[in-house]
């Protein structure tokens, strides 16, 4: 059975005649695994995979030479098909005992079975198990490695499992990138073993979900990991490969600041004019991470990997929670085709979430490439700052002079850029929260206090207002600290009634599916997606002029003076905010009445958002309601705020009808 499963001889043969691009079509569509199988292949079969007649003649001549040559009876040769066994292994330099050998082609060799000692079990997969191991080089130096062994049954390895195992070997042996897990060599024993680079800190998912007292990962570090991942995926895409299983569980921590892409069992080459791979039959795939075209048609491409990158980004900023938890696999596709999307995690900036939404574009051609994502991530990343004065105000992020601060995003009143409250993470305490911008100085500001919001990225769309984060995203979310790991936000039960833990977007109040936990949905994002295809009227004519939101007070928003009870909506994390209204602060009953009126008029907004909107409009309830609806429509679509205002005006401020209109015309 082993000679039948071996297929690397075919790759070697095709490479010699510059036809390597036909390796996978011949292997998977024509099912050729041995030279004699070509006796049953007709010219029209080769025509069907796009091979021209001159190329067919070259292949025929190469097969004649192969069959006329000496028949090797070596079992190793039959598996590797002409990849010459390299029995000598380079030695480690004596002056650098802590470094792994240099990545040279000769290192990816056949390794004697006795040179590898397996230790503790690290994990298992579909066709193999992974152990920690020790590889003893001929020089006597021992190198820590990971050893992946083929799962063997009572009658030996199954043909499918062996083929998958060897396919993974053939992929990994040609990869060399600082953020891709490296294959050192192959052990041809019983069982077959891959000797790979060891990532001693385990998977990123395990680190994200580690319980206390393990501190959470810093936001700046997560952004670094995203840039490393985008670079590695751009490398795979440039080599014509699609990963198909991109998730935090398959990202390994080689060091505290370095991740490596691993698990190449589902990797396939991209072929054809459309540059995609289509599954030939039912095989297990990670449903919650897959793009709609992968679930509907079994089609995978670099664009579907970009979709998975967006889900992986969501995982990283939600603390490793499972996407679409509680939703049956057969319903995930329906949710995605209804334009439902995972909500913005509390730690994720609006700029990064905007990138995730671009990765989740319904049409693959509308998603950015990985090479483009590298630049976008650099622009959307957080800014580094240093605390210049102690902050001890109630509700604010506590910080001391000299603390390193990562500015996740800055925000200000729409028309009052001088009244700035920023959201960030204290690098000393790992806590996240809001704080006055004047309390920090930016690392690139020459030691001057920061007085205006900072965003290193460029606005993705819409009109740009001075002093706003992400171009024109203007709302100030004071004290918007995320809940502790393992806890959910204290949301009123009546308002949570229609939100499922599976994160699907619903407009009606229905039963909640049960299942694995998920981060609390951001209602503003989830609620605006219609349940079914609406009957849309013609596009309304957009006038050249548009009303502008009411002008807010120019006063700085004061710090709250009274601390509400813990179970009061204002006592929730991220909900404390004193609204500066025209003529001074409203009395508490009057303020609460207006907040309740706004909250009942705009479905899905939070108590804090209503209070912020009233503060920005001087207490005008109608203007606050309209501004919130414009804000929701803006974040749902790719249109500018002025366009959103005019569309809502046309639909008489019916947000549901306006949402259906913009979703039908993205």
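Even glycines carry a Cβ here, placed using N, Cα and C.
Taken straight from Swiss-Prot:
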type     : residues                                         : note
ACT_SITE : 245                                              : active site, proton acceptor
BINDING  : 122, 123, 124, 125, 126, 127, 128, 129, 130, 148 : ATP binding site
COMPBIAS : 531-541                                          : compositional bias 'Pro residues'
COMPBIAS : 542-552                                          : compositional bias 'Low complexity'
DOMAIN   : 116-377                                          : domain 'Protein kinase'
DOMAIN   : 380-445                                          : domain 'SH3'
MOD_RES  : 60                                               : phosphoserine
MOD_RES  : 96                                               : phosphoserine
MOD_RES  : 255                                              : phosphoserine
MOD_RES  : 502                                              : phosphoserine
MOD_RES  : 514                                              : phosphothreonine
MOD_RES  : 519                                              : phosphoserine
MOD_RES  : 582                                              : phosphoserine
REGION   : 446-493                                          : region 'Disordered'
REGION   : 506-579                                          : region 'Disordered'
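Overlay of Swiss-Prot feature records on the structure.
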residue	record	Cβ within 10 Å
60	phosphoserine	12
122	ATP binding site	18
124	ATP binding site	13
128	ATP binding site	23
130	ATP binding site	20
245	active site, proton acceptor	21
255	phosphoserine	10
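Within the domain 'SH3' (380-445), the DSSP-based counts of helix, strand and coil residues read 4 helix, 36 strand, 26 coil. In this structure, the CA atom of residue 124 (ATP binding site) is 42 Å away from the CA atom of residue 60 (phosphoserine). Checked against residue 128 (ATP binding site), the recorded positions 60, 245, 255 differ in C-alpha distance, with 245 being the nearest. The CA atom of residue 130 (ATP binding site) is located 19 Å away from the CA atom of residue 255 (phosphoserine).
Taking the Cα atom of each, residue 122 (ATP binding site) and residue 255 (phosphoserine) are about 17 angstrom apart. In this structure, the C-alpha atom of residue 255 (phosphoserine) lies 22 angstrom from that of residue 245 (active site, proton acceptor). Cα-Cα distance from the residue listed as 'active site, proton acceptor' to residue 60 (phosphoserine): 37 Å (rounded to the nearest whole number).
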